[in-house]
Amino acid sequence: MSGSIPFYQKHHRHYDRGYRSREAESKLSQYQSSSRYSAASSTSSSRRLNLSSLSGLDECRVSPTPKRAKPTYLAVDKENQIIGYVVPIFRGSQEFASGVSDTEGARGRDTSSHMARRGLFTSGLEMERSEQISRKEAMRESAERISMSKRIHEHEEHFKRMNEDSLMHAPEFVIKPRSHTVWEKQCVRLHCTVSGWPNPRVVWYKNNVAIDPLANPGKFKIESRYNVHSLEVNKCDFDDTAQYRVSAMNAKGELSAFASIVVKRFKGEVDDSLPAPRHGPVSEYGITFQTHIVDKFGVSFGREGETMSLGCTVVISPPLHRYQPEVEWYRDDVLLAPSKWHHMHWSGDRATLTFTHLNKEDEGLYTLRVTTKSGYETYSAYLFVRDADAEVEGAPGAPLDVRCLDANKDYIIVTWKQPAVDGGSSILGYFVDRCEVGTAHWIQCNDTPVKFARFPVTGLVEGRSYTFRVRAVNKSGISHPSRVSEPVAAMDPADRARMRGTSAPWTGQIIVTEEEPAEGVVPGKPRELQVTEATKNYVVLSWKPPGEKGLEGVMYYVEKCVSGTDSWQRVNTEIPVKSPRFALFDLAEGKSYSFRVRCCNAAGVGEPSEPTGATTVGDKLDIPSAPGKVVPTRNTDTSVVVSWEASRDATELVGYYIEGSVVGSSVWEPCNNKPVKATRFICHGLTTGEKYVFRVRAVNAAGLSQFSQESEPVEVKAAIGGGIPHGVLPETGPGGNMGPLIEHRPHWTGTHDPVQSPPHTAQACNQKTQADTEPRAGRRAAGAGLTRVSQPQGGASESWAPVLAKDLLSESVSDSVSSSLTDKVTAAQLEPVTAEVQHRAADAADGPEAERARKFSVDASAKRDKAGPRTETGASPAPPYGISVLECVRDSMVLAWKQPSCAGGADITGYFVDYREVADGVPGKWHEANIRAVSERAYRVCDLKENRKYQFQVRAANMAGVGIPSRPSDTFLCEEWTIAVPGPPHDLQLREVRSDSLVLLWKPPVYQGRDPVNGYYVDIKEGDAPEEAWRGVNSKATEATYLKIQHLKEGETYVFRVRAQNKAGVGKTSDVTEPVPAVTKPGTKEIVVSVDDEGIVSLNFECGAMKPDSKFVWSKNYEEITEPTRLTIETKGNKSKAAFKALGEEDVGIYSCLVTHTDGASSSYTLSEQELKKLLEISHDHKFPIIPLKSELAVEMLEKGKVRFWLQAEKISANGKVDYVFNDNVLSQGEKYKMNFDKNTGVIEMIMDSLTPADEGTFTFQLQDGKATNQSSLVLIGDVFKSLQKESEFQHKEWFRKQGPHFIEYLSYEVTNECCVILKCKVGNVKKETSALWYKDGHEIKSDEHLGFTEGVLKLEIAQISKKDSGVYEVVLKDDRGKDTSTLNLTNQSFKDLMNEVFSFIANSSTPLKITSTDEGIRLYTFVNYYNDLLQVTWHYKDSAIAFSDRIKSGVVGEQLWLQIKEPTEKDMGKYAIEFNDGKGGLRRSVELSGQAFDDAFAEFQRLKAAAIAERSRARVAGGLPDVVTIQEGKALNLTCNISGDPVPEVTWLKNDREITSDDHCILKFASGKFASFTITGVTVSDSGKYSILVKNKYGTESGDFTVSVFIPEEAGGKKK
């Protein structure tokens, strides 16, 4: 069996024989059938039973999921009688099973032998007993082994649970996948074995694209079992030749391995799977299709949760069998794809879009687009989706459009849109829920509701996919959950991009690589750290990974720091984040923070990134302002077109919600449940004949704005023009302004290949054909409610007036000028004055009586105003006039015109230009030059033909619609201008008209000439003066496009014109302005500069002639301030204020303010450098209205322990006053507080006699001098107060102490060079009667030293200090005035410090270390002036402390400190040192015992040693002999002495210097070589004399003498007598 297993899997624990191919399995079965395992068929039944069990075990290993019969563990004999229980040993591990199989094999062989010989047994009972015993033993051993294995497994599992972290390690490939080369249509399997804890997640890639088995059913099969992972590729084809990568990933890291598959193809083989070529002609070629959409769906209404279908019948002619057009569905111009929410169906003639579960996200404009080779046809209608009924009454509607942004490994930002319905009470916030894909368990992500419609979700598990939903909450309850978001995986964006990518084309080259292990590299600094979002709930950081990060996975630590400090605090202390994004919660609102990030990996933590700037916690995104004026317009019997002005300064606008209410009901219903971004919307589902009012509010992520003002009531009634039947939205003009109502054509997006492109816009220079333009022109007029009448060929002059009348009538009716108009209204029914004004103004717009016509218009308006109030809501503007040419090239001309004299009921939002060719004086058809409105009064008309003549007309548009066209212009020839001088300036405007001055503004010429324009000249003349009266205003050209003209004559009327110049000369003059009288109108105001109390400089302008639609327009250097970065503009009523945020040199210039919809109310202010300096000084004085202080509030001690609080003001008037405040309580003059305020010096003080615990707190001096204020506080709490109180008490006691004798300097000690300790103190205020007493430990010290009161110093000398001198010393001064005590504690550490200072003097007095020799060895020594028993010294040898022994000793003799080395050897050579320990650095003396110094010392030691040995070994008489022996005659004399010497000396006794020998009378003995005895048995007189003992050996001789005196008793007595 082992021969068929691959070598790298022979010993694999979890080897799965399913790895083999079918051919291998077939060979294996053949080999088994012919092997020795199957050859033993003649064995006994018991052996067959045993072999079958083994075969069953092998089969279990081969098949990953074997089909097993119900297991039985009963052992039976031949007669099927139960004889025991069989323990299944194959349940254990492979190692255990292999060990068992050896034992079982041996037992099996024994049993087989026994069974083979059982015929020899005569007794069947004996055989059965033997067999039962054998089985019992096997069962017991097997059970014991299984029990042991179970206990080991349980112990391992317990250890894993208790020590999980210690077992965690990154993935590791035990066996990597191998590359394969296979034939086409064969199957191949890649294997690998991966270890790691936690268990790694394994992903297979093909050419770096993740393999999804579900995307290719039957092609790929991925299995993972027992850490063995496989990828099976079924029926390989040539496209499967690629590089395959397997990636293992867990929390500790990621690792990849690579293998290649090469698929070979038999030569000449044809792939049957390729499509067969088409034969015969294509049926649709050469046919022109006509497409018609009939049976259309209309505006539809649904409710959340319902099912709905939208469908249309499509008729294509001529019909072709099985021909299928391309059918596409769009929602709000976005191509739809089939999903679980909606399905598309085409049945051959009907296209259907089915919604399985309606959601508010499904609301929008749906467009069906049917495309054939001949073109396409579209149809659109709106679908409205209302909220489902709330579960709790008053609960809000569900949020919508939940999306996931910025997904990363452990972090996802969830966004949504707020609902239109709040349930009657404001929404308090939103809850975000998440659900892991594959489960149904929703988890709430935030504990408290968030008001911001964006929330970062953290704590996700990397690699897992999630869906999200959002719920709104108000005081009544919680809404239904929103529609769940699309699933998003928490993974690195780079990995997600690789998974979404497409497979790279096969290049024919396969590169097999392996990841080489790399040494650990600490990652570098993260890059480009920035705050991407900051709200009051959280702050989001983002950064880029470092350039140097090694091969290990990089994670991040985020740190924060409060601005102004340098204390960095780690935010994620427990778990580092894996994503380069992080959201910080729980930050203090209003505080400023800085942030930085560190990288970390297995090698360590890197350096921090550069910190971010200070970020203040708070909502950076403001709720948008309320939309402007709302204008409703009739549309159909059930719908109204609602237009409004966009919210100003709206940031990240999501859209608008529109609500409608029946007049008088006060019940508001939402018109849309999905925000719309346009400023025009068709509200459907209204009741015919009812009157409605509407209001609008804007929405962004920060919340919903306030509602706009209610619109004027409008009756739901069809307009004469027919209206817009199916809710098709109009297109948006520049800047968000709405153009005319036109046919909606979606901007096609998505994956499709249109046969016919949609028409281009006018911004592309009108690249369109006449056939495409003319229908659009008609549609534009029809959309605006205009009836276009074809022009006869006779010319414009004959047909213009009738057309204008019809246009005026249709325009007025369709735009609902008057709510009383009916379908049968005629021109005669129009208001007479209005009809007359518009008709006369149009006729005279470009005629020679233009001025009179305009004057008539003003007079007629005045008449109308006098006639009574009139609502102009919905009135379109009058026609422009004064069309001129600014530039002409070969195929285009730039036109300019003057704005209409009457703007209608709203601001003009744009203009539409038409043109027509004039051939031989005969005008042609009108063509549109632009489809989208242009906001400027100049436009380039493109696609003209050179050397052709053209006429132009212009229409003005506002929110109410498009006005009537102007009179056709003069005929202009389209030929290129080649003159060198510039063209005429244009758009001249007059501002700030006063009795002696005005300001003229203009725009540069479009045609620059040969060189750029470098200046302008302004000409002036009186209004009725002839042409010759023109004169120049400025003699020197001005570079600005404005000029203030002064020195005018009051009441005179003037006109102006402007000329531009370049290097070539002065160009053509501009059109002349309207005549303007030099008169200051009553009520004219000028800009006023003011500085408020905060020092903010502002420009203020007030207008007394404001109208409801008037607006203040601020400009700098006559350029409108659209983004006031340096100004804050605020308008209230008829006043507007432009406040400078931080006035500086950048603000120098001319500031002007214009009020729209007035008769030219405007003013300007010139901020020069001198004026700037002056304003800054004033601002500083106003901004800092405080009393300057020379010094802040401070505290100091006075005598007697008094406490003084004081400060000094730099300048304060006599009216200044001070409040003394303690803990918010005002203090007053009294016994405890003494207050003083010197207004001349500005010194303010408060004195307290003492401090008590009740005085702990904050003291504040509050100053006021007029409106200028200031205050200074001093906080005295905690340790600060206690220290001050203690100091006060001490100073109080000190004052009383110094009234008598006292110590100026308290008792201290001093150590002299002689190591004497002197205790001394300095006293003062003493007299003769003053006494000084010394005490130690309470006992008086008697001292003979005279107290030197004249010098004021008392001393006590301790000559040789020791431990007994440790104690508490005290000096008492006293006389009749009192006493003072000074104490010096010289115990414990204080005594140690004193002794260390003494030791320092001793060490410094030591002599250099010297060398000497003794008979025992070498001695090192040093002398000190004074030795103290407490001195600690350390001897060193080669810089290591010496461990003393019998051979090396140290000691002290007098003032000598020595180190003795007995029997020195060469090993003792080296550097020796003695170190004195003084408690500080110590002092060390050293000497080098080596070389000649060692040799000399060692030789001297040898000499002294020999002399000592000789001295010790020479013969000696140690003692025992007296000098004189007096003995009575006849007595016995016995003397013994000790003899020493080595060798044993010779002993000789002498008497009177003569040798004597031993005999019976004188016995001489020498015993044991130590004792010599001298014995005289009976002393006689003759024995008297001098005796000597002489001892001698080779080292020397010594003698001992004694005298024996023998006396006779009688003589003795005679002598006595």
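The backbone N, Cα and C atoms fix where each Cβ goes, glycine too.
Between the listed ranges 837-878, 1047-1088, 1341-1382, TrEMBL ties the annotation region 'Disordered' to 837-878.
Averaged across the domain 'Fibronectin type-III' (984-1083), pLDDT in this predicted model comes to 92. If you look at the domain 'Fibronectin type-III' (626-719) against the domain 'Ig-like' (304-384), you find at least three C-beta pairs under 8 angstroms, all six or more positions apart, and that counts as contact. Taking every recorded stretch in 171-262, 304-384, 879-977, 984-1083, 1301-1387 and counting its Cβ pairs under 8 Å to the domain 'Fibronectin type-III' (525-619), the highest total belongs to 171-262.
Summarised by DSSP class, the composition of the domain 'Fibronectin type-III' (525-619) is 0 helix, 48 strand, 47 coil. Under DSSP, residues within the domain 'Ig-like' (1527-1605) fall into helix, strand and coil as 3 helix, 50 strand, 26 coil. Break the domain 'Fibronectin type-III' (984-1083) down by DSSP state and the numbers are 3 helix, 44 strand, 53 coil. Counting residues of the domain 'Fibronectin type-III' (626-719) by DSSP class, helix then strand then coil, yields 0 helix, 44 strand, 50 coil. Across the domain 'Fibronectin type-III' (879-977), DSSP assigns 0 helix, 49 strand, 50 coil.
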